[in-house]
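Novice: Relevant sequence annotations retrieved from Swiss-Prot are reproduced here:
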ACT_SITE  CYS43  active site, nucleophile
ACT_SITE  CYS46  active site, nucleophile
DISULFID  CYS43-CYS46  disulfide bond
DOMAIN    41-123  domain 'Thioredoxin'
MOD_RES   ALA2  N-acetylalanine
SITE      PRO44  site 'Contributes to redox potential value'
SITE      ASP45  site 'Contributes to redox potential value'
Amino acid sequence: MARYEEVSVSGFEEFHRAVEQHNGKTIFAYFTGSKDAGGKSWCPDCVQAEPVVREGLKHISEGCVFIYCQVGEKPYWKDPNNDFRKNLKVTAVPTLIKYGTPQKLVESECLQANLVEMLFSED
C-alpha cells in the first residue's frame, strides 16, 4: 500500500472537489501547466521541476494526499481573473503548496530538492 494518496486533476473545479473529498487530511498540491496529447507541458519550468517534486514525495508523511493539478492552457493561466489566481493566490507555475498553510514553493524553488524535501517532511 502506498504511503500517501495521489490524485490527478485538471482545472480549478476538479481541484476544489479533490480538496473537499480529502477534508481533514494533510494535503499537498502541485500546480503545473497542462500537458498536451504527447504529455509535454507548455511550461518549461514545470517540466524541469516535476522530477524534483516526484523525488521529494519519498519524504511525504504517511496518510497525506498529493494533488497533481494541471492549471489549464497558457492563455487561461495568463488571465489575471482565473480561479487559481483569484481564489488560491497561485500566481506562478510550478507551485507546490501545503494546503491551508502559508507554506509554498514557487517557480525555481520547486527545482531545489532540499526545499521540496523540507516542505513534504514538515509537520
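Just so you know, glycine gets a Cβ as well, placed from its N, Cα and C.
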Novice: Counting across all protein chains shown, how many other Cβ atoms sit within 10 Å of the Cβ of CYS43 (active site, nucleophile)?
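Specialist: For CYS43 (active site, nucleophile), the count of other Cβ atoms within 10 Å is 23.
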Novice: In the three-state scheme derived from DSSP, which category covers CYS43 (active site, nucleophile)?
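Specialist: Note: CYS43 (active site, nucleophile) is coil by DSSP, not helix or strand.
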Novice: PRO44, ASP45, CYS46: which of these recorded positions has the highest Cβ count within 10 Å of its own Cβ?
Specialist: CYS46
Novice: If you average per-residue pLDDT over the domain 'Thioredoxin' (41-123), what number do you get?
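Specialist: When the pLDDT values over the domain 'Thioredoxin' (41-123) are averaged, the result is 94.
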